[in-house]
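Each remark here refers to the structure printed beneath this line.
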Amino acid sequence: MGVNLCFWILGLYLALPLEGIYPPLCQTGYKITMIGSGCYDIDECGEDRHICGAWGTCHNMKGSYWCSCLQGFHQDGNISSKCVDVNECIGPGNKYPCGENGTCFNLEGSYRCHCTPGFTTYGNNQTKCQELNCDPYATQSTPEQTLPGFDSLLSLLRNNCLVLSNSSGLAGATEKTGEALLTVLANVTDVLQLQSNGQGGNSGKVTTLLRTVENSIRLIAPQLRENVSRINTSHTEVEVVVRRDRTPPRGPVRLTNENIQLDTTWETAIGDDTNYPGFGFAILLSYKSLQTLTNSSEQLSSRVVTVSVSNPNTTNLSEPIILTFNHLKSSDANTTCVYWSEDGEGAWSIQGCTSVMSNSTQTVCSCTHLSSFALLRGIQENKKCGQLPLVMWVGASVALACAVLSLLMTLWCRFISKKRNGGSQPEQHFKL
């Protein structure tokens, strides 16, 4: 009887469409439109298209709704509040996103960094201002350092560098500046390898080439707009991977071309997180014909490759990089991992590189620094053979010096003896 009475009272309320009587019977977010029809969900998104603000999208759900915001905006309160602009410039010294040498200006849904002269964002106005030194892009001063076509490339890079370092972060790189410069670098490197074919070894030119390419690619990589850029020409193959994140990326990095594979991590590529500029990159550049410029007595078993990353401190990496080389000839079983050292005019060196695995077709190298790398055939035997003549020359020189000294002593003793004998004979003759 009591239950039936409750239902009778409920029906009475639903049957009376009087204002102020039926709303309390529906939960928040629901309402009644017809007598006895019950409660149904209110579509807040349909009733008010701007309920989330101009920068938000409304999503209806049972009894409520929620707002999703465009990048650069957030909700000023709970999930149902309107989307408002995020002030990215609020931070330590009002310079958090732009670094110590930049000033942050908040924009609606974004921000912009202005750099002091000598610093740059590489055309991306939402990265920290980085110091930029244009001296490495000066043209080569001496004839023996001059490489065909590289003066024009260096002049182009220097102009680009000066524009970047004096643009206050407002300009300096068009949408395709990085891609255009990378293409020029690959073509100039192609021409040099082609013109040097069959000319024999020149360590000074190899050092100049590798240093110029590494400096050039470090300027070009931050200006690339694509996450992955690849160029494959007749004599040069290059792959560049770029990441742009608010926080330092993590995880493995693998770059591969026809003959070489690089394995490293973003932690190694970026280095110290406190100096993270808002981007990171890794580069693998392979020379298909560089062996024609190296010393003819050193037999390369692989292509030469330059490896570079955004980390400015690469002389002693916290974690070694791994390079997998394909042998130029399947019979090259006795190979050694080497890098190009700029000591003196330049030469291949084994310091900091070890062979992890080697067979007739591949060699895996582990290196604790970055530079340009390759495989040499029979370097250990060559070194032993090179040390033996040196020991023989030293031994022969010492023996010769001793022989000369002994001869001089013998002659001196004979001279003294004859002088004494010659002086005493007249006296003996007088006594007789």
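The backbone N, Cα and C atoms fix where each Cβ goes, and this holds for glycine too.
What TrEMBL lists as domain 'EGF-like' is 41-84, 85-130. TrEMBL lists 215-383 with the feature domain 'GAIN-B'. Taken from TrEMBL, the feature signal peptide applies to 1-20. For 390-412, the entry in TrEMBL reads transmembrane segment.
Broken down by DSSP into helix, strand and coil, the domain 'EGF-like' (41-84) contains 4 helix, 18 strand, 22 coil. Confidence in the domain 'EGF-like' (85-130), given as mean pLDDT, stands at 85.
Per DSSP, the secondary structure of the domain 'EGF-like' (85-130) breaks down as 3 helix, 16 strand, 27 coil.
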